[in-house]
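Below: the structure, in structure tokens.
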Amino acid sequence: MLRIGAHVSISGGFSKSIDRIEKLGGNCCQIFSHSPRGWKFDVPSKEEGRDFMDRRKGSDVDPIVIHESYLTNLATPKDDLYRKSMDAMEKEVETAKRLGIKYINIHPGTHTGLGEEKGLKKISDSLNKLKETEDIEILLEMTSGSGTTLGYNLDQIREIIENSKVPTAVTLDTCHVFSAGYDLATENGLDEFTNEFDAKIGLNKLKLIHLNDSKFPLGSNKDRHEHIGEGKIGEEGMKRIINHEKLRNLPFILETPEDDKKGHKENIKKVKELRKDN
Ligand SMILES: [Zn+2]
Ligand SMILES: [Zn+2]
């Protein structure tokens, strides 16, 4: 069965995210638990948690994923930023537990001069410091490799997972991975990527797909999302991803633009059209 959804707002309360995704025609979603560009946030109250879980019981929306704030950087060499990042991660774990949410999606980190090896080690060391993670799974989102971001290839993702004692798995963001240099737009490239993923990490560790087309070409290292079928991966490429035997049963979450031309509703519709059994 096709699981397709999008990143939606929690404005008005966490439960509103479920209203929103249902209205868009989706059956899974991703949220920010607070403003992704600010540090200040409160863990939701028990009552908010209960309301959200009650609302969820009456819906078919699953999974629901928290995307960690963009500010959080577990690979930073700067002490102040690191302290804030760890505080934010700990609070995010508490938030997820309060809401009964299993997945926290993070960008692994940006080493800003520390070097790739040390940066990767710092990420897994940081994850290992998190407490009470037994009901949680940290999803490491593959990145486009711009600047000094880490997690732009399968070896780096494998290294973080191997050194992590907390439950970790992977999010494949199709725009990021394509711009990092894996040619998901062609049949061969897509097969090579899934085979390499299976050999190095194991496809059982792939839990989520951020389904985005890319404004910029293969290997550009630019993280700019485009409407489904209208970017450099293109309609044929997207169709293959959505129907690929190793990917088709995973949840697809859109992070495509919401502009004058189209929003999530139109892109969700597009994905349903491209899906062969839908
Ligand atoms: Zn992301
Ligand atoms: Zn993403």
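Heads up, the Cβ atoms here are built off N, Cα and C, so glycines get one too.
Remember, TrEMBL labels are computer predictions, not curated facts.
The model shown is predicted, which means the values in this text are computed figures rather than measured ones.
Residues or ranges marked as Zn(2+) 1 binding site in TrEMBL: His67, His107, Glu141. Sequence-distant neighbours of His107 (Zn(2+) 1 binding site) (same chain, 6+ residues apart, CB-CB distance under 8 A): Glu68, Tyr70, Thr72, Glu141, Thr143, Thr149, Gly151. Secondary structure at His107 (Zn(2+) 1 binding site), taken from DSSP and collapsed to helix, strand or coil, is coil.
Taken from TrEMBL, the feature Zn(2+) 2 binding site applies to Glu141, Asp173, His210, Glu255. In the three-state DSSP scheme, Glu255 (Zn(2+) 2 binding site) is classed as coil. Sequence-distant neighbours of Glu255 (Zn(2+) 2 binding site) (same chain, 6+ apart, CB under 8 A from its CB) are Ala6, His7, Gln30, Asp173, Cys175, His210, Asn212, His225.
Taken from TrEMBL, the feature Zn(2+) 3 binding site covers His176, Asp223, His225. Within the same chain, the residues at least 6 positions away from Asp223 (Zn(2+) 3 binding site) whose Cβ sits under 8 Å from its Cβ are Thr143, Ser144, Ser146, Cys175, His176, Ser179, listed in sequence order.
Annotation comment: TrEMBL describes 259-278 as compositional bias 'Basic and acidic residues'.
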Task = Using CB under 6 Å from any atom of ligand 2, narrow the binding-site residues His107, His210, Asp223, His225, Glu255 to the ones that qualify.
result = His210, Glu255
Request  = Around ligand 1, within a Cβ distance of under 6 Å, which of the binding-site residues Glu141, His176, Asp223, His225 show up?
outcome  = Glu141
Local backbone state of Asp223 (Zn(2+) 3 binding site), from DSSP in three classes = coil
Number of Cβ atoms other than its own within 10 Å, given for Glu141 (Zn(2+) 1 binding site) = 20
